[in-house]
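Okay, here's the structure, questions in a sec.
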Amino acid sequence: AVCVSLLGAANIPPHPLNLINFMEMIRYTIPCEKTWGEYADYGCYCGAGGSGRPIDALDRCCYVHDNCYGEAEKIPGCNPKTKTYSYKLTKRTIICYGAAGTCGRIVCDCDRTAALCFGNSEYIEGHKNIDTKRHCR
């Protein structure tokens with residue numbers, strides 16, 4: 001199937017630079033009928049913040065991604081949300097470039113792992129926009 005992105009035609013506010021890379025990875029791995037935005041407020045961890053126990057496999061992808069970013073932030077001067085990096089989308093996978101252990105490579109690996117996890121996890125409509133105060137303790 002061929003997916004056509006209308007992202008460029010949408011009225012979308014600017015995002016931190018790294019999120020553009022991450023969004024592209026997500027679009028590459030998820031089913032065509034989904035948009036990256038549908039993953040932005042899902043479960044207890046997909047989107048801003050996070051608390052409690054992940055509610056399913058997809059939410060666990062976001063939980064692991066949050067923790068991965070936390071590890072990257074331990075590198076002096078490394079801000080995962082703004083750090084850009086080099087990568088290639090090819091043959092149903094994602095290749096990260098750069099020296100192992102550098103901020104850019106670690107952040108790319110975090111995003112790559114999460115995007116591939118999204119593509120392999122079931123999206124449950126009822127877990128979108130949940131009441132996090134009630135379900136994420």
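Positions of Cβ are set from backbone N, Cα and C atoms, glycine also.
Remember, predicted model here, so these are calculated numbers, not experimental data.
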Taking Asp56, Asp66 as the options, which does Swiss-Prot list with Tyr45, Gly47, Gly49 at the Ca(2+) site?
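As annotated by Swiss-Prot, Tyr45, Gly47, Gly49 share the Ca(2+) site with Asp66, chosen from Asp56, Asp66.
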Which one, Cys61, Cys62, Cys68, is listed by Swiss-Prot as the other cysteine in the disulfide with Cys110?
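That would be Cys68, the partner Swiss-Prot lists for Cys110.
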State the disulphide partner of Cys136 as given in Swiss-Prot, choosing from Cys3, Cys32, Cys44.
Cys44
Compared by Cα position, which of the recorded positions Gly47, Gly49, Cys78, Cys96, Asp111 is the closest one to Cys136 (disulfide bond)?
Gly49
Quick check: which same-chain residues outside Tyr45, Gly47, Gly49, Asp66 lie with their CB within 8 A of the centre of the Ca(2+) site CB atoms?
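Residues close to the Ca(2+) site, other than Tyr45, Gly47, Gly49, Asp66: Cys44, Cys46, Ala48, Gly50, Cys62, Tyr63.
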Any idea which of the recorded positions Asp66, Asp111 has the thinnest Cβ neighbourhood at 10 Å?
Asp66
Test of understanding: give the count of other CB atoms lying within 10 angstroms of the CB of Cys44 (disulfide bond).
23
Give me the Cα-Cα distance between Gly47 (Ca(2+) binding site) and Asp111 (active site), rounded to a whole Å.
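Here the two Cα atoms lie 14 Å apart.
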